[in-house]
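Feature list (source: Swiss-Prot):
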- 63-86: domain 'BRCT' (DOMAIN)
- 94-153: domain 'Myb-like' (DOMAIN)
- 179-206: region 'Disordered' (REGION)
- 313-329: motif 'Nuclear localization signal' (MOTIF)
Amino acid sequence: MAAPPRKVFVWEDGTPMRFYIRPGMAKLRLAPLLLAGGAGLCRVQEPGAVHLVQPGEPAPDGAVSTDYVVACVESQRRLPLDLYRHSGPAPLAASPRGRLPFTEAEDAALLRAVRERSGAPRVSGTALWKELECTGLTRHSWQAMRDRYLRHLRPLHRESQQTEEAAAPMGIFEAANREFESSESGSDTSDTPDELPLQNGEGTFPLEAASGLQTGLDDCALPAAQGENKQTNTFSDSSKAEEAAQIIQHFMEEFHTDLLTVTQALLKNSGEVEATSYYLHAGQRLDGYPVWSREDDLELQKDDEDVRSKLIAKFGAENVARRVAFRKS
């Protein structure tokens, strides 16, 4: 598919269109097209932003099909949104008690959200559920979501946690981290270690290579101490290696690069999927801050307020907080 022109996704007055799409493979596929076409991406739903949903996915009233992006790219112009706008889902039958039932997709979304926010306030409290209600995770109130999780879904969550392996063998992510931290890794022409299973004969990403790499496709909330609701799709301990393989394979194919380059790009961007995608596309971060280096990480480890203040000035407070969490993961 041809890359879109720079001004496809802009309004008549020249301002960029803003889009929101739930984290996942669709976002990975469409984000480079939207960004290259001049659009902006929202990490959470914002007033006035175009909410994109995949065909067949439950959609709120007014949401726009992801086919819109593809159609604009193919036609090389901005098309009317109304041609791709959903009128809203048909109402579901209520339960005998008069409540709207939870769907399997909503149950899965609740479980995933709790897994991704393992460091957030307790599930028995209210803060987590009010946050999820604000993000529009499901059609239900925060009270209904909390009740659904505590009464029906928590046993499934505990069972899933018990079946996770305590430790994973070293994979490509750890190998890239070792390369990233090496004092000799400043050159992009350094030899790839012989033991790294970079690609199989088909040129694809072997699943075994992702055994040490796990990723969360949903946005992970920043620590409550930050006092902000901004989110970022970062790599987390609760996700599966299959998702990591899909993401890395997608980047390798999208940007025609090798496995080590992709994993090092993820390291430099604190595991942020959207930031890594833009970095591989444009050679810089979308937010304008520099990428992290080994020297920056060494400075970050120092218990020195002056050093920390310099890092915040260089990377921004949010990026420093994400880097600290990423290095601990």
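First residue shown is number 1, and so on along the chain.
Placed from the backbone N, Cα and C atoms, the Cβ positions cover glycine too.
Per-residue confidence over the domain 'BRCT' (63-86) averages out at a pLDDT of 87. Taken residue by residue, the domain 'BRCT' (63-86) breaks down under DSSP into 13 helix, 3 strand, 8 coil. Counting residues of the motif 'Nuclear localization signal' (313-329) by DSSP class, helix then strand then coil, yields 15 helix, 0 strand, 2 coil.
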